[in-house]
Amino acid sequence: MPQLTLFADPGSKSLGLSPTKKVSTSASSSTGSASAVSKRKAAFTKKGDEPNLWELHHIQEDMAVLNKGQVSGGKRPRSSSSADGRDEKMKGQPDRTAKRHEPEGGGVAGSKDIKKHKNAYEIKGKIANEEDSARVDADPPLNQLIRLMEKGWKEVEKGECVVYWMRMEDMRVEDNTALHKASERAKELGLPLIALYVLSPGDYKIHDRSARKIDFMLRNLNHLKTKLHDLNIPLHITSYPKRLSIPRKLVNETFPFLGANHIFVNIEYEVDELNRDIATVKLGREKGIDVRCFHDRLVVPPGRVKSQAGKPMSVFSPWQRAWAKLLEKEPQLLNLSPLPQANDAAIRQNQRFAKLFEDQIPDSLEGFECTDKETMAEVWPEGTERAKEVLDRFLHTKARKSQIQLTSPLNPGAEPSSKESRVQAYQTGRNLVDGDNSSRLSPYLVSGVISARMVLNEAKKLGKGGNLESGRDTGLGMWVQEVSWRDFYNHVMSTWPRVSMGRPFLEKFADVQWEVNEEHLQAWKDGKTGFPIVDAAMRACNKRGWMENRVRMVSASFLVKSLMLDWRLGEKYFMECFIDGDLAANNGGWQWVASTGTDPQPYFRIFNTLTQSEKCDPNGDYIRYWVPELRHLKGKAVHDPSHHMPLNEFKKLGYPAPIVDHKRSRERALFRYKNVGEKEP
Ligand SMILES: Cc1cc2nc3c(=O)[nH]c(=O)nc-3n(C[C@H](O)[C@H](O)[C@H](O)COP(=O)(O)OP(=O)(O)OC[C@H]3O[C@@H](n4cnc5c(N)ncnc54)[C@H](O)[C@@H]3O)c2cc1C
């Protein structure tokens with residue numbers, strides 16, 4: 001039995017909140033009391049229970065919080081590639097027989113100076129030990145869930161309704177697989193369909209969800225509620241602050257309260273969410289409740305794209321070619337699910353269900369107050385209709401310089417063009433940050449406000465002969481490739497779940513020695529490093545909750561290779577700021593930059609911040625907008641003011657001098673990557 005069933009947990013809350021009320025997030029598992037933690041620990045040692053290793057990791061995390069930094073180191077690692085004879089040998093696995101360097105206190109991997117160094121401690125509890133993560137890789141939770149889906153079904157009683165349990169990435173009614181399947185089943189059984197949303201502040205906290213993303217979720221939920229009500233489908237809202245209690249609470253309380261024995265969900269591919277679903281399916285079966293899980297988030301479900309030898313692939317280009325071939329062979333993968341059918345209006349008089357129509361969606365959640373709510377609502381308007389307009393603009397209108405600003409992507413004045421539309425110009429546009437050159441769809445795709453299938457169907461209409469282009473020779477094809485990166489990183493996360501447990505994909509870089517430097521980390525976060533393009537990007541991130549891909553790479557590379565700060569600190573900060581924060585894409589991006597990921601940038605190829613700046617913002621417009629101290633500078637000076645101006649003039653700008661020397665920091669990074677575990681003499 002999964003350990004999740006064993007935790008003691010007080011009652012759940014069904015929200016009958018007024019829209020202005022906040023929902024408390026006080027009880028996340030990571031901040032539980034000492035007795036709660038030891039209870040959880042004891043639960044694992046109970047005879048006959050098979051411990052779940054990622055949850056064990058979270059216990060370490062709890063213990064770390066309680067003991068302020070005394071995280072258990074775990075046992076000596078074993079090779080994940082040998083764990084189950086997985087098909088693909090992990091590239092870059094360390095030689096297990098070689099003597100390993102114990103990291104010094106200065107590196108985040110060490111534990112000595114944790115109390116002194118906030119930034120080391122910040123991510124300490126988030127890094128699973130190598131042994132635990134290798135075991136999770138040996139039988140990934142997605143495989144376990146799929147095995148469960150394939151066998152062990154029993155007929156269950158009809159019940160009073162069919163439930164669609166909506167997830168954070170499901171924020172739409174159109175082309176929603178589980179919603180459609182639930183609707184079909186409801187019609188077959190002659191039952192009403194109920195939509196359920198479970199707020200889980202504990203999950204949001206432990207997974208570094210930003211206040212902006214939570215606000216976007218709540219705005220979209222409100223929007224969806226109206227759409228569902230139009231179909232006489234109520235949206236029932238429940239909140240479980242203790243995330244690990246969710247399966248038990250649902251099976252013992254919420255589903256019986258609704259009289260539901262048929263539950264339909266779309267799969268979330270993150271480890272914790274998969275473990276939650278495995279537990280819910282198992283518990284449900286014990287209680288005569290049938291929980292069915294569907295692939296929906298991606299165009300091609302994880303595990304479908306394999307090498308010719310049937311092995312999982314970790315290099316993007318061949319993976320992408322196989323992805324495109326599969327779509328050619330099975331074009332039905334792009335088919336959209338029909339809309340759900342309406343319930344009979346009589347449901348509004350039904351004693352059990354009528355009151356569910358009154359469930360309120362809170363304006364905000366405690367601990368996730370969005371301080372720039374109005375700006376976010378303007379810049380990232382909610383709803384599938386808006387997402388479709390954003391897509392339409394990208395496919396059919398020209399880029400505009402004014403979109404550098406903190407402004408709505410749907411502002412009037414976009415000029416239609418078929419030859420010079422943003423997508424047609426994407427080959428060069430994607431690397432520029434001085435306009436709206438990319439689609440800006442990421443917040444919508446991440447939260448599922450629009451599906452990747454919907455997006456690609458529109459792109460297909462523009463392809464030659466109505467085919468889906470995905471080659472690098474056209475802007476359209478290149479953009480489709482970009483969308484496939486989203487599938488790719490989810491495939492990576494589901495196949496090697498350890499990447500989402502704080503581990504580098506390439507374990508050989510696990511002990512790279514990082515600096516611990518509060519001031520540098522803060523300067524990077526605040527956009528005050530003295531490197532204008534990095535500062536512009538970080539200020540855009542702080543104000544807009546979103547950055548263009550090129551500057552995500554540049555600022556991430558600066559943190560890792562120039563400041564030599566642990567990539568996981570940056571990964572966490574992006575998640576805390578972004579409206580489009582997404583574990584798979586963010587982790588994939590950071591591991592690419594840190595040279596630790598699947599198919600990463602080689603460690604010896606280090607971005608030159610200045611060259612990147614001149615290439616992606618040739619006129620300096622982006623810098624001048626986001627870094628107003630530099631708004632009067634002309635020519636090259638805007639990219640590198642301290643080296644283009646007399647010192648006294650530079651001082652008058654009120655802009656910081658560079659906090660590191662590029663050449664020296666480059667040499668430091670090369671040394672530390674080449675000599676893992678060591679610091680330069
Ligand atoms: C360090 C770093 C962190 C990142 N963090 C995130 C994140 O948290 N969430 C996120 O959605 N993307 C992330 N990305 C990927 C990429 O930067 C964004 O998806 C993209 O900038 C969003 O802008 P857009 O919608 O205009 O993209 P477009 O260029 O228009 O691309 C269309 C869509 O393709 C997908 N896509 C494009 N590039 C990538 C990529 N490299 N990886 C995965 N999907 C991609 C996105 O869904 C995007 O919306 C990160 C990249 C880096 C280097």
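Numbering starts at 1 and runs along the chain as it is shown here.
Cβ from N, Cα, C; glycine included.
Curation plays no part in TrEMBL annotations; they are all automatic predictions.
As given in TrEMBL:
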{"type": "BINDING", "residues": "Y426, 438-442, W479, 482-489, 580-582", "note": "FAD binding site"}
{"type": "COMPBIAS", "residues": "18-37", "note": "compositional bias 'Low complexity'"}
{"type": "COMPBIAS", "residues": "84-104", "note": "compositional bias 'Basic and acidic residues'"}
{"type": "DOMAIN", "residues": "161-299", "note": "domain 'Photolyase/cryptochrome alpha/beta'"}
{"type": "REGION", "residues": "1-51", "note": "region 'Disordered'"}
{"type": "REGION", "residues": "64-115", "note": "region 'Disordered'"}
{"type": "REGION", "residues": "402-424", "note": "region 'Disordered'"}
{"type": "SITE", "residues": "W514", "note": "site 'Electron transfer via tryptophanyl radical'"}
{"type": "SITE", "residues": "W567", "note": "site 'Electron transfer via tryptophanyl radical'"}
{"type": "SITE", "residues": "W590", "note": "site 'Electron transfer via tryptophanyl radical'"}
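The shortest Cα-Cα distance from W514 (site 'Electron transfer via tryptophanyl radical') to any of the binding-site residues (Y426, W479, S484, D580) is found for D580. Sequence-distant contacts of W479 (FAD binding site), defined by Cβ-Cβ distance under 8 angstroms and a gap of at least six in the same chain, are V423, Y426, R430, S439, A459. In terms of DSSP helix, strand and coil, the domain 'Photolyase/cryptochrome alpha/beta' (161-299) has 71 helix, 30 strand, 38 coil. The recorded positions considered are Y426, R440, W567, D580, W590; of these, R440 has the fewest other C-beta atoms within 10 angstroms of its C-beta. Screening the recorded positions R440, W567, D580, W590 for a C-beta under 6 A from any atom of ligand 1 leaves R440, D580, W590. Using a 10 Å Cα-Cα cut-off from W590 (site 'Electron transfer via tryptophanyl radical'), the recorded positions that qualify among R440, S484, D487, W567, D580 are W567. S484 (FAD binding site) is surrounded by 24 other CB atoms, counting those within 10 A of its CB over all protein chains shown. Mapped onto DSSP classes, the region 'Disordered' (402-424) shows 3 helix, 1 strand, 19 coil. If you take the Cα of R440 (FAD binding site) and the Cα of W567 (site 'Electron transfer via tryptophanyl radical'), they are about 24 angstrom apart, rounded to a whole number.
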